[in-house]
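What Swiss-Prot annotates here:
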- 1-54: domain 'ClpX-type ZB' (DOMAIN)
- C13, C16, C35, C38: Zn(2+) binding site (BINDING)
- P118, T119, G120, S121, G122, K123, T124, L125: ATP binding site (BINDING)
Amino acid sequence: MFKFNEDEENLKCSFCGKDQDQVKKLVAGSGVYICNECIELCSEIVEEELAQNTSEAMTELPTPKEIMDHLNEYVIGQEKAKKSLAVAVYNHYKRIQQLGPKEDDVELQKSNIALIGPTGSGKTLLAQTLAKTLNVPFAIADATSLTEAGYVGDDVENILLRLIQAADFDIDKAEKGIIYVDEIDKIARKSENTSITRDVSGEGVQQALLKILEGTTASVPPQGGRKHPNQEMIQIDTTNILFILGGAFDGIEEVIKRRLGEKVIGFSSNEADKYDEQALLAQIRPEDLQAYGLIPEFIGRVPIVANLETLDVTALKNILTQPKNALVKQYTKMLELDNVDLEFTEEALSAISEKAIERKTGARGLRSIIEESLIDIMFDVPSNENVTKVVITAQTINEETEPELYDAEGNLINNSKTSA
């Protein structure tokens, strides 16, 4: 145990060599002494090392290929979108590392990203996985909850509060984070014609988002909600925050068709109709987003657009089984904790995928379909020691019948509801 020694004479600090009468305090250990000045110096060194470790993720920026390899572990398909994101994110954080004393007059501007694709195509998962890959704070916001300042709804600054909370109120970390704003298409201007009725959840929100997208020092209420005159605010610089905006943009294919029908020489509008949906989305231009209802200034803040494809049965089956955190692996592990094996037949995986397409929910709807088929089993099996294996078949999914249940000898148990 450490103690203060004031009785002994000619004691010196073992680190700096100062006598005890030259310092305020001298702390004794087992044959060694340390003064208050050296303690303060050690404390500063430790704090600097901790700060350096905190920012280590940013000093060891993965290459675009490494980013994409990590995305491939969790996100199936969407190769073009993943490549676009990997390059854009790499350039964004490389730009942050370059900030400081300028060797030339070239200023690298921030490039926010828009993800356009149908519900359940993986927009949110891509953004989440990117943040995890880079070890930066991440927040999700829904554009439909935002309104212009002064109206009922959330101020845009509340988006920043979520990021600050994700960074445990470490502002430096938050200022290098990623914010994903979903359903950005829902704040499109209601029409291209001006109206005497104020569009507080459309163009008004776009105008409010402009500054934080570009980069500004924003005042954020620490408790959320509306700002109050006497409330102390958190100041955060949004210049280096990466914004990823996602939306389905339902009907934008028609906007692209009209443009192609009018501008492609030698092709009639009927021939433009022959473009399939994916081919049309691949040809999206800023003027299409403007015609859809985004204002030009807003489009200018989001120069990178990545298109996500509609997922087919094969892609959905792969999503069910291949990623590190695939749903089949999750539910298999869940029942394994009750000493029960879970198996999905190939036909069952196809049936689950087809039902998700039928419901137009994409990958987002896969979990609910599996949950529906397993809810009774997960309720009953922990109380039934006879069941050692559960097999999900296509009939289980399509006809909502009970899965096949087997005992330890491999005998099929009666398909009626299991009992305790």
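For all residues, glycine too, the Cβ spot is worked out from N, Cα and C.
Shown on the structure are the features that Swiss-Prot records.
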{"residue": "C13", "record": "Zn(2+) binding site", "DSSP class": "coil"}
{"residue": "C35", "record": "Zn(2+) binding site", "DSSP class": "strand"}
{"residue": "P118", "record": "ATP binding site", "DSSP class": "coil"}
{"residue": "K123", "record": "ATP binding site", "DSSP class": "helix"}
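The average pLDDT computed over the domain 'ClpX-type ZB' (1-54) stands at 74. For C38 (Zn(2+) binding site), the spatially nearest entry among the binding-site residues P118, T119, G122, K123, T124 is T124, judged by CA separation. Note on proximity: of the binding-site residues G120, S121, T124, the one nearest C13 (Zn(2+) binding site) is T124, by Cα distance.
Looking at T124 (ATP binding site) and C35 (Zn(2+) binding site), their Cα atoms lie 54 Å from each other. Over all protein chains present, the Cβ of L125 (ATP binding site) has 20 other Cβ atoms lying within 10 Å. Long-range Cβ proximity for C35 (Zn(2+) binding site), meaning a same-chain Cβ under 8 A and a gap of 6 or more residues, is found for C13, F15, C16, K18, Q20, V23, K24, K25, L26, V27. Apart from the site residues P118, T119, G120, S121, G122, K123, T124, L125, the chain places the Cβ of G117, G246, L308, G362, A363, R364 no farther than 8 Å from the centroid of the site's Cβ atoms, the recorded ATP location. Ranking the binding-site residues C13, C16, C38 by the number of CB atoms within 10 A of their own CB puts C13 at the top. Cβ contacts within 10 Å of G120 (ATP binding site), excluding its own Cβ and spanning all protein chains shown: 24. Taking the Cβ of K123 (ATP binding site) as centre and 10 Å as the limit, one finds 28 other Cβ atoms among all the protein chains shown. Long-range C-beta contacts of T119 (ATP binding site), restricted to its own chain and to partners at least six residues apart, with a cutoff below 8 Å, comprise A248, K360, T361, G362, R364. Neighbours of P118 (ATP binding site), defined as other CB atoms within 10 A of its CB across all chains, total 20. The binding-site residues examined here are S121, T124; by Cβ neighbour count within 10 Å, the least packed of them is T124.
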